[in-house]
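Encoded as structure tokens, the structure appears first; notes follow it.
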Amino acid sequence: MDWLLNPEGTGGKFAVMIVAILLFVVVMGVILLLADLPKRVPNWVIAAVFAGPALLLIGFGLLYPGLKTVRDSFYNRTSTEFVGLDNYVTALTRDEFQIVLRNTAVWVIVVPIVSTFLGLLYAVVVDRSRFEKFAKSLIFLPMAISMVGAGIIWKFMYEYKAANFDQIGLLNQILVWVGLEPQKFLLDAPWNTFFLIVVMIWIQAGFAMTILAAAIRGIPDDIVEAARLDGVSGTRMFRYITVPSIRPALIVVLTTIAIGTLKVFDIVRTMTGGRFETSVVANEFYTQALRQGEKGLGAALAVILFVLVIPIIIYNVRQLRASEDIR
Amino acid sequence: MSIPIPDTTIVDETPEQGKGVGKLDRLDRRAGALRRTTSSKSASIIAIVLAVLWTIPTFGLLVTSFRPAREIRRTGWWTAFSNPEFTLENYSDALYGSSTDFASYLVNSFVITLPAVIIPITLALLAAYAFAWIDFRGRNILFVAVFALQIVPIQVTLVPLLSQYVNWGIDGSFWPIWLSHSIFALPLAIFLLHNFMKDIPRELVEAARVDGAGHVRIFFTVLMPLLVPAIAAFGIFQFLWVWNDLLVALTFGSARDVAPITVRLAELSGSRGASWHLLPAGAFIAIIVPVIVFLALQRYFVRGLLAGSVKG
């Protein structure tokens with residue numbers, strides 16, 4: 001059975017892939033067939049057949065590991081000795097982690113707000129232009145690109161050469177053209193964090209635009225008409241009609257981007273590897289838990305990540321409840 | 001509860017679901033009204049400028065990827081227009097060169113992605129059916145639990161899962177990657193497909209039951225055909241998620257034999273070695289697949305994205 005674990009060459013890999021899919025199909029098929037054979041089967045058996053496999057996997061792959069990680073976060077680096085809150089104290093107080101937390105906070109505040117703002121701007125402006133579809137596609141395209149790819153794209157934008165050489169990166173070339181010194185965008189803290197953040201905004205603005213543009217189109221006609229009859233137009237229309245009408249969509253966009261940003265890892269990993277004071281919690285988790293073998297500390301960082309998601313979700317739920325009540 | 005997507009968001013993506021002519025008429029009228037209130041000319045200019053600004057970074061890297069190695073290292077891509085010199089060498093080197101070998105990582109990406117899309121969708125469809133159309137005790141509690149698990153960051157699960165895979169002796173193969181991606185996709189997939197299934201008229205299912213169809217037959221003959229758009233939407237979303245993923249692949253599949261192209265790219269990006277000039281070509285080899293999917297299936301992609309934005 002070794003070839004299933006260590007396939008030889010391209011053909012072998014595809015063979016294993018097909019075997020995996022077939023195996024899955026056959027197992028599921030047999031289970032379903034057995035469930036269908038007898039005429040009268042109790043409902044719970046049917047339910048177990050349909051929902052069982054998924055629930056088992058969720059239990060095995062999400063629930064149990066999650067609880068295990070919570071436990072590990074109270075143990076030392078090899079999970080052999082109970083250390084109480086030590087890992088959390090380390091993760092929240094040691095100097096280098098202070099920087100990590102500060103960076104994460106900056107990311108989670110800046111990215112959602114700027115992306116949503118830009119997305120809203122696009123949604124309003126692009127919607128009224130003749131090249132709507134084309135412009136939308138271009139702005140939306142970064143969504144389809146992996147964060148690794150985006151990281152590389154922007155690494156080349158930020159590329160730095162000393163002033164007496166030709167510049168390779170466009171941004172430094174522009175600085176040179178207007179007579180300024182080229183900058184080491186990715187090396188100089190604390191501003192390098194903002195230059196990483198730009199990449200995430202570049203990706204997320206298209207997402208915000210898509211959802212907000214759809215929401216704006218969903219505003220009922222009568223509201224717009226009534227406001228227009230009252231003489232409302234332009235920025236006042238935007239401020240008093242458009243924004244309140246798409247409030248639920250705005251909240252979804254803000255919180256969704258915030259959650260995605262909280263877990264951002266690929267950009268930091270690809271562009272700086274977390275060096276030069278650019279690390280964030282998700283990257284630090286990877287470094288500690290999977291590179292340094294700091295099991296306890298890594299677990300604590302993962303739990304911190306989880307805990308940070310919760311207030312965003314609560315805010316989301318409350319705001320959406322509130323706007324449902326208004327209706 | 002957590003992040004319900006407002007109904008309004010999908011309206012413009014699926015005009016055919018509206019009430020036919022009247023709805024389109026209204027949209028047209030409103031579009032006309034909007035155009036009258038703002039000068040569409042200046043809006044068009046702003047739109048174009050923004051779109052161009054947004055595309056320059058990608059475009060620059062694309063141009064770079066076709067330039068000769070020494071030019072990439074020496075001058076910026078914009079000089080290529082005054083001094084055009086292009087080559088495909090970077091692509092062939094990146095794909096087949098012994099130092100980069102992106103071709104085999106590309107194969108890994110495909111091998112990882114296909115099962116990691118098919119398996120969770122199938123399992124989620126079955127589970128969603130159970131939650132939507134089978135009465136059993138504890139159904140609501142279980143569904144809420146699955147739903148709530150969406151917010152668990154996958155980071156929380158990685159280390160215990162890894163040690164489990166090591167115990168089973170399957171670490172370093174494709175199996176942990178398939179299994180992990182499938183598991184991580186399930187809560188969201190179940191939730192979404194359940195919502196779609198609930199929208200199917202009860203009479204259809206009841207009629208099939210009266211005809212004597214069991215659950216299995218109802219699932220395959222009545223529900224599945226109606227769910228094709230939902231399956232496509234989630235399928236594309238999951239495809240992009242798996243293809244573009246770095247964290248899961250780094251954790252479970254950083255070995256050369258199974259690592260997807262994102263892992264290799266991230267690795268190459270961190271080192272400034274002799275293959276550095278192949279980075280743009282390598283990035284485009286990785287980017288082109290999801291971009292084609294995106295351009296070909298934009299409508300479904302958007303729907304999947306609207307629905308799937310909470311995952312991670």
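For all residues, glycine too, the Cβ spot is worked out from N, Cα and C.
According to TrEMBL, the domain 'ABC transmembrane type-1' annotation covers A:101-316.
Residues of the same chain lying 6 or more positions beyond the ends of the transmembrane segment (A:14-35) and with a Cβ under 8 Å from any Cβ of it are 3-4, 7, 41, 45-46, 49-50, 53. The transmembrane segment feature in TrEMBL is assigned to A:14-35 (among others).
The feature transmembrane segment is assigned by TrEMBL to A:44-64 (among others).
Same-chain residues lying 6+ beyond the ends of the transmembrane segment (A:105-126) with a Cβ under 8 Å from its Cβ atoms: 132, 135-136, 139, 193-194, 197, 200-201, 204-213, 216, 238, 242, 250, 253-255, 257-258, 261-262, 264, 280, 308. TrEMBL lists A:105-126 (among others) with the feature transmembrane segment.
Positions annotated as transmembrane segment by TrEMBL: A:138-157 (among others). Outside the transmembrane segment (A:138-157), and at least 6 residues removed from its termini, the chain residues within Cβ reach (under 8 Å) are 122, 126, 168-171, 186, 195, 198-199, 202-203, 205-207, 209-210, 264, 266-267, 269-271.
The annotation transmembrane segment is assigned in TrEMBL to A:194-216 (among others).
Residues or ranges marked as transmembrane segment in TrEMBL: A:237-262 (among others).
Annotation comment: TrEMBL describes A:297-317 (among others) as transmembrane segment.
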